[in-house]
Amino acid sequence: AKMAAAASDLLTGWCLFGLALLAILIFCWVYVRKYQSRRESEVISTITAIFALAVALITSALLPVDIFLVSYMKNQNGTFKVWADANVSRQIEDTVLYGYYTLYSIILFCVFLWIPFVYFYYEEKEEDDGNTCSQIKTALRYTLGFITICAVLLLIGAFVPLDIPNKKNSTEWEKVKLLFEEFGSSHGLTALSFSISSLTVIGMLAAITYTAYGMSALPLNLIKGTTSAAYERLENTEDIEEVEQHLLRIKSKCRDGRPLSSRDRRTLQQLEERLRTLRRRERHLESIEKSWWTKFCEAIRPLKIVWGVFFIIVALLFTVSLFLSNLDKALHSAGFDSGFIILGTNLTNPLNMLLPVLQRVFPLDYILITTIVMYFIFTSMAGIRNMGIWFFWIRLYKIRRGKTRPQALLFLCMILLLIVLHTSYMIYSLAPQYVMYGSQKYLVQVRCIFLLRLNILYPKICCLQMVLKSGLFSDQCIVTRTYLFLHKFWFFSAAYYFGNWAFIAVFLIGLIVSCCKGKKSVIEGEVDDDDSDMSDDELSIYYH
């Protein structure tokens, strides 16, 4: 019966995993096809973008699954379930750890080999349409630099010392290090963890840039909506008439055969380019005004406002919780040398208060964690879409519907892969004890005076501070595999701590900017001066 129950649970889990995987692949295909340029689409770049985006979403789903599995092995009274003996629990832990190994290795493969190779191959193909072998050789030569960086990170991770500088009152920290040694002794974990943590720091910078802005821009754009297509057409028609009159005035100067001055020629050229752009806007606005999609969006306008209000509430909940968690670390952590690790929660935050309440009704707590993770991913997409892809002050690519270049899609997917790596630490910052142990409870002996002074077993919620004091380690409270990757190196944890403050600051700045900005144009970012007339046909597909 025990084996049948375990097999039934395993079969159900695999079915749900298969359905989730199918849904992720369909979403990735639709998303990539929606934004990629029809004229410049390539099979290799399309497959690479879909695969990388799917890996990012699947990896983001590991955290809720990890928390669920360690919690599912125990009952609410603190005892292990009948089927969850030592061997079964160890197998589950190993399976989750192998899942992390596999997905994180795939991320390393994508970031350091596959995506750079496809990017450089496509760049060489644009510059030289000649021999394919020479294009592959050139792409491999550039990709070799990324492979070298990956090898160096793995070597450093394999041999870097993990000792923390000694302090006078380091007894608790010594227990934490003992906890790491107890759980983190698997082969190759250190090297892989160092490489992933290095990428996570880059993902932290991407999250500060794109996700923090997307968390403010996405909800407010949904609430404010866009301007009317008919109103924009009227304004655009007036602009066309004004430019045409200006052109006639300049051209009238040369009717008697006199040449135009250099200043007039420059003005004439600028006005002709401006007129071409306005006429392209006219065609797009006309298509949008007549499309069924515009009418559908107008019909669901109240629903968009509701979603916008919901998203801004989630964003504020996220930011307030992150602020209180970081403030708690600043006041009560073991300091910089320990990576600002905190053994207990002294300043509670809204998310920490909400999760224990939701744990009473299965599976509300897992739904909340999954919602926050997916919200983090989709706001990152919104931030990249609104801002474009930048290298410091240089704008490299724009993300536009039906007109995004293959290189931009590859950059988009790489940035999302890096942001996903940082997502786990962001969630840990919000609810550290929950991410470590989920809803697990352990049994402690309590002396009851009223029952003839007998010792009874009483369940308590697992937390790091109680586990260290009780010396339970992995016997009663099973730590999630996510935690092993998050706190293997104290200096990365210190970097994440300061990154959280930067994230909060950028979110507040983005919120102020988004509030001050007016409504977006109905064709925001889809018609630019550097577009060709051929690009009009690509975008018109989405409006008919």
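Heads up, the Cβ atoms here are built off N, Cα and C, so glycines get one too.
Worth saying up front: this structure is predicted, and the values here are computed from it rather than measured.
What TrEMBL lists as transmembrane segment is 12-32 (among others).
Look at TrEMBL and you will find 44-65 (among others) tagged as transmembrane segment.
Residues of the same chain lying 6 or more positions beyond the ends of the transmembrane segment (98-122) and with a Cβ under 8 Å from any Cβ of it are 42, 44-45, 48, 51-52, 55, 58-59, 62, 135-136, 138-140, 142-143, 146-147, 149-150, 188, 192, 195-196, 199, 406-407, 410-411, 413-414, 417-418, 421, 481-482, 485. TrEMBL lists 98-122 (among others) with the feature transmembrane segment.
Per TrEMBL, the feature transmembrane segment maps to 142-162 (among others).
Taken from TrEMBL, the feature transmembrane segment applies to 189-213 (among others).
Positions annotated as coiled coil by TrEMBL: 261-288. This prediction places the mean pLDDT of the coiled coil (261-288) at 82.
Residues or ranges marked as transmembrane segment in TrEMBL: 305-324 (among others). Within its own chain, the transmembrane segment (305-324) is flanked in space by residues 215-216, 218-223, 225, 347-352, 371-372, 375, 379, 426, 429-431, 500, 503-504, 507-508, which lie at least six positions past its ends and keep a Cβ under 8 Å from the stretch.
Here the transmembrane segment (366-396) has long-range neighbours at 31, 56-57, 60-61, 63-64, 67-68, 206-207, 209-215, 217-218, 311, 314-315, 318, 351, 354-355, 358, 408, 411-412, 415-416, 419-420, 423, 426-427, 430, 434, meaning same-chain residues at least 6 beyond its ends whose C-beta is under 8 angstroms from one of its own. According to TrEMBL, the feature transmembrane segment maps to 366-396 (among others).
Sequence annotations record features per position, and here TrEMBL assigns transmembrane segment to 408-428 (among others). Same-chain residues lying 6 or more positions outside the transmembrane segment (408-428) and placing a CB less than 8 Å from one of its CB atoms are 32, 35-36, 45-46, 48-49, 52-53, 55-57, 59-60, 62-63, 107, 110-111, 115, 118-119, 196, 199-200, 202-204, 206-207, 210-211, 322, 369, 372-373, 376-377, 380-381, 384, 389, 396-399, 435-436, 482-483, 485-486, 496, 500, 503.
Positions annotated as transmembrane segment by TrEMBL: 489-513 (among others).
Long-range Cβ contacts of the transmembrane segment (44-65) within its own chain (Cβ-Cβ under 8 Å, at least 6 residues beyond either end) map to 20-21, 24-25, 27-29, 31-33, 36, 96, 99-100, 103-104, 106-107, 110, 114-115, 118, 121-122, 366, 369-370, 373-374, 376-377, 406-407, 409-410, 412-414, 416-417, 419-421, 423-424, 427, 435, 482.
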